[in-house]
Amino acid sequence: MNIDTSNKAAPGLFPDLDFAGHGSQLGDPRNSTTGKSGVELEAFSQMVSELPRGYKSAMKQDNFYLLKQYNKRAQFQDSDNEISYRDFKEYDATLQRENEMRQKLQDLEKALSNNGMKIQKLDNLHALYTRDTSSTTVRRTRYRTRVSSFMRKLKPSPMKNLVNSRLRNQNSSLRPQGSNVTVIIDNGKPECDFIDDPEVAPKKLTIIQEELAPISTISFDESSSIHMRELPHQVTIQRKLQVRHLQMISLGATIGVGLFLSSGKAFSIAGPMGAFIGFAIGGSLILATLFSFAEMVALIPLITGISGLCSRFVGDAFGFSVGWCHWLSYAIGFASEVIASTIMLSYYKNLEQIATNKSMMALTITMIVAGLTLVNLMDVRVYGEFEYFSSAFKLLIVVLLIILMIVLNVGGLKNDYIGFRYWNSNKSPLKEMSFGPFRPTFDLRDRGYGATEGIPGLGGIILSCIASTLTSVFAYVGSEIGFIAAGEARNPRKAVPSVTKRIFTRVIIFYLLSIFVVGLNVYSGDPRLLRYNTSNDISALIKGVSNYQEIINALGGSNCQQENSDKILPVDNPNQSPWVIAMQSFNQCTLSAFINGVFVAIGISAASSQLYASSRTLYSMATQQKAPSFFAKCSRNGVPYIAVLFCGALGFLSLLCLNMNSSEVFFTFVSIGALGSVIMWLGMNISYLRFYYALKQRPDIISRDAREYPYKSPFQPFLSIYGAVLAILLIILNGFQNFFLWNTKNFITSYITLVLFVLLYLAYGWMKGSKIDKIEQLDLDSGRREMDRVIWKEDLDYSLNLKEAFNKLLTYL
């Protein structure tokens, strides 16, 4: 008896198929030529539930694989499990039946995937992309094996039940209501293990599947909803961040002391135009790198992060070395932001003891580190909201500062018109002062006396721009944090391109425009600015403080000067930010105090982002067996608490400034961390280039020109080549100033990260090998196929209320 095959909820799911009633026996499909397939439900569901793990490969090799498997289960009396046909018409009909069954199986897999269910037996995703090391060591006793087998016989197979439910309830919708579920790739441990650890033997898959089968607790209620139990000891980071969270986290990580404090070094060595050119070159490197890498992450969004993709597309030794340099960059950056925030706190008279009293400084640093660690131990949704509003505050402050700088420049707030005064060399009021778009010479010894004893001419300008570019690198550290947070994004295929497209706007507005407008209002030779080459001769600096006063008076006087400023000016001056100096030159003391306080808050927020990035990087390294496994342990809320506590403890490295010059410790950390980021950017560009050429050899996947391609970065592969070449040049030139004015300690800190990278690469290659796979052997399927099966339903179109419309506008800005 045939049943009604109409399906109003999902029309076309079962095309041209007649279904027999349960238990009925149909004729041998090999002998039918009607083009319609009569299928016994019990036999078909049993066939699907018992398909072996390699069934897809078998289907490619055998054109009638499903028919043969069906014949076995249907128990045809005359079946010899071989398909025969007398003429082309019978062959065509038999082939059509096979295709119809394959289509039904494909639709069933898609339906299960939409529910976020891990399909047992069918391409066992949990076994393929998760390695449970504890499972492989469990020894099953004979008694336990018999009990488990008996219990499985008593309990119907979940897969079998689902097949029957899908075939018999055709009027039910195949896409259940509710939010998107991504447990296909996130259930259990991360999907990196069998991708990034080639030493795991395939034979272990059987053991893992054997251990997982008895504890599976998938159940189905009357509405076919799917419930999955969280496996014990397998809690991982969870996808809870929305697109707006990723955008603001990526923004907040970069707006910090690198822009508001360290930029003074670029002005003092290169002048306003040289600083602008340096930040523009650094910005171009960031754009080239992130545009390229975003294309990879959008197509293959693995939570193994940057290190995992470098291992996948270059080599394990390369990914291991890049991963640790990547982590070091963030870990050192965390301590750097804490030191800078502490220095700026001493601006206020009531807090001046922070810069002069070791106990007060230690207490302040401890409170900042402990507070930020506590924030990062919270649920990632709480952290996401914290970063969302703090980054929105940063955005608002930067925009207001740009507007304020323009107002002051044109003579607003009862000040004189400035215009391009500091860019005109003919308007220098003293012989010790040298106005102009560039510094007159490349003078590493200059302390504010005109920079007249260095390398002049075009060579000096080029060297100044190189130094300015190297300074800008620290300001851009953290721009790639959106890729790190993508492992906790609800919809990475939408979030990553969305975040990347806003990088261009962020670089243009928040960096280049900011550097340009503040360069109009501050003299680049101001002795209060940070110097590119710090000196250890503090006594000489203190002796020269009185000589600076004449220059400072010519710039507007020592407005807003604190009583203790002369004591700490050459060592840990809290007024070294070019923004604060510009406000003081305009005699805006209240504004300068307010802006300095804002910079402290911004520095603390940036430190929080650095801690988040370092902990997640360490977590992803642990999941790949590139770091101790206990760093992969997560709390019930999906927070890698051990990694957070360890990286938070490294924040106490900032206590080194108790026995050393705080600015000197700050510059040391900046140099080490910045080079680690450049090495990471080089690895990202190299990985993309290999991905790009591997994708060209796989036209069966998807074309970069296809509409369905998640994100296509522009000007490839030339953009990525440019990023790789520029990164190599910056790595080589990182300590070039030491060849003009030798300083052993500066030379070591300039290249120690590169030495660490080489040593890590050689050590890993010696222990586990450093093979680099050929382009045609690169894996472009793992992870991508699973994401292709998921239909994301995060941001459906519907009418927005006033609050949602405001949030959407804020996120767009």
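Backbone N, Cα and C define each Cβ position, glycine as well.
TrEMBL: automatically predicted annotations, no manual curation.
Range annotated as coiled coil by TrEMBL, chosen from 32-59, 88-115, 116-143, 564-591: 88-115. Listed by sequence, the residues of this chain that lie at least six past the ends of the transmembrane segment (748-767) yet keep a Cβ under 8 A from its Cβ atoms are 316-318, 320-322, 324-325, 328, 668, 671-672, 675-676, 679, 731, 734-735, 738.
Only residues 6 or more beyond the boundaries of the transmembrane segment (639-661), in the same chain, are considered here, and those with a CB under 8 A from a CB of the stretch are 237, 330-332, 334-336, 338-339, 342, 358, 361-362, 365-366, 368-370, 372-373, 376-380, 534, 536, 538, 571-572, 607, 611, 614-616, 618-619, 622, 630-633, 669. When Cβ distances are compared across the two stretches, the transmembrane segment (360-380) makes contact with the transmembrane segment (593-613), since 3 or more pairs at least 6 residues apart fall below 8 angstroms. For the transmembrane segment (327-348), the neighbouring stretch richest in Cβ pairs under 8 Å, chosen from 246-263, 392-413, 593-613, 667-693, is 593-613.
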